[in-house]
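Report on the structure given below.
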Protein chains: 2
Amino acid sequence: MEAERRGLLIILSSPSGAGKSTLARALMEWDNSLRFSISATTRAPRPGEVDGVDYHFVDEATFKDMVNDGEMLEHAHVFGNFYGSPSAPVRAAIETGRDVLFDVDWQGAQQIANSVLRDHVLSIFVLPPSIRELRRRLETRGQDSDEVIAKRMEKSWDEISHWDGYDYVLVNDDLTTTFERLKTIITAERLRRAQQPGLMNFVRHLQSEFQEVEG
Amino acid sequence: MEAERRGLLIILSSPSGAGKSTLARALMEWDNSLRFSISATTRAPRPGEVDGVDYHFVDEATFKDMVNDGEMLEHAHVFGNFYGSPSAPVRAAIETGRDVLFDVDWQGAQQIANSVLRDHVLSIFVLPPSIRELRRRLETRGQDSDEVIAKRMEKSWDEISHWDGYDYVLVNDDLTTTFERLKTIITAERLRRAQQPGLMNFVRHLQSEFQEVEG
């Protein structure tokens, strides 16, 4: 039995400090049917991390098999460890009408947007209102050294420079406004024809009715 | 000077009786920056019709020149008369950030969706809740003969059978809900990257700021 609605793969990208985590949390509270995509990784669990909650912890052979079998929507190699988004849980979720939220960088976003599930991808990029504001948020966030912050800013610029690969771009001037826009975009995209497999049955039903009534 | 926002070509199609005219009117009241696309036609003006308001009345040679010069987004030949949507006023509107609303059938919609302005097209199809309800609305509407209504119903089915060529499909069970959904879709689509040429300048500005702050 097919669900009325097909879920979306919602990609939310931004440089760190532009509000992405806050927005993602607010979205999960707004709609608790949303699922967060849990990454698979070859790195060792840190104290407190739970397998299947924080990450799917797998060994390198398993990870590589998954990539070779096309079971990763995107993957990357970072500081000697592999990270990726397994496709099976995403497929299961969208087939039952649940959206899946991805927190990935522009490279991950690009891979997902070109994956087999590309027709159901909604990608949104969040821009900071200014570079100074971005730096301020990184500075007030923790006790990072100037050097670490400078590196983060470089990484942020790399991320910002790929803003034009996304379906929607929001400037996060004001968190409330940005969150309203995000909800509007998701609410609208759920109404796309491609997201509503149930429509096909509805039109078939109209057709039988037409034949019955109009002969 | 480029506008911050680029307008959309909003195509609203439905079989007659599904609520399209009511929805179009409600949209124009909701946002008075919306423009309605005025068709050009070779048919003679009827009493009370004003050139440039109801239609652009043109002769056949002028019409054919416009088609040959690529100045029509779509056109059709109906009962010996030509009808079409001139592109110049649409371009002028969308370049200044105004959306243009089109009341066209599936053939017109398809032509516009394949026109040079295709990147800015938003197409929405409105389905009736049932065939019986569609017939009821046609019957209560006026003093049409059974024969005329039967013909309208045939035309309606032809229209419905092309529902799958649209970006969005709404089942008009309840006018208030459908109108809310329509507004949500338009509000969201205005936020698409492709509709916001002003973003390019904003990112350029961020880049200068980055170079200034981060060296």
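Any Cβ shown, glycine's included, is placed from N, Cα and C.
Marked as domain 'Guanylate kinase-like' by TrEMBL: B:7-187.
For B:Ser14, B:Pro15, B:Ser16, B:Gly17, B:Ala18, B:Gly19, B:Lys20, B:Ser21, the entry in TrEMBL reads ATP binding site. Sequence-distant neighbours of B:Ala18 (ATP binding site): residues of the same chain at least 6 apart with a C-beta under 8 Å from its C-beta are B:Val126, B:Leu127, B:Pro128, B:Leu134, B:Arg137, B:Ser156, B:Asn172.
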Using the CB centroid of B:Ser14, B:Pro15, B:Ser16, B:Gly17, B:Ala18, B:Gly19, B:Lys20, B:Ser21 as the ATP site centre, which other residues of the same chain sit with their CB within 8 A?
B:Val126, B:Pro128, B:Leu134, B:Arg137, B:Asn172
List the residues of the same chain that sit at least 6 positions away from B:Gly19 (ATP binding site) in sequence and have their Cβ under 8 Å from its Cβ, in sequence order, or write 'none'.
B:Val126, B:Pro128, B:Asn172, B:Leu175, B:Thr178
For the binding-site residues B:Gly17, B:Lys20, which one has its C-beta crowded by the most other C-beta atoms within 10 angstroms?
B:Gly17
Hey, what's the Cβ neighbour count for B:Ser14 (ATP binding site) at 10 Å?
28
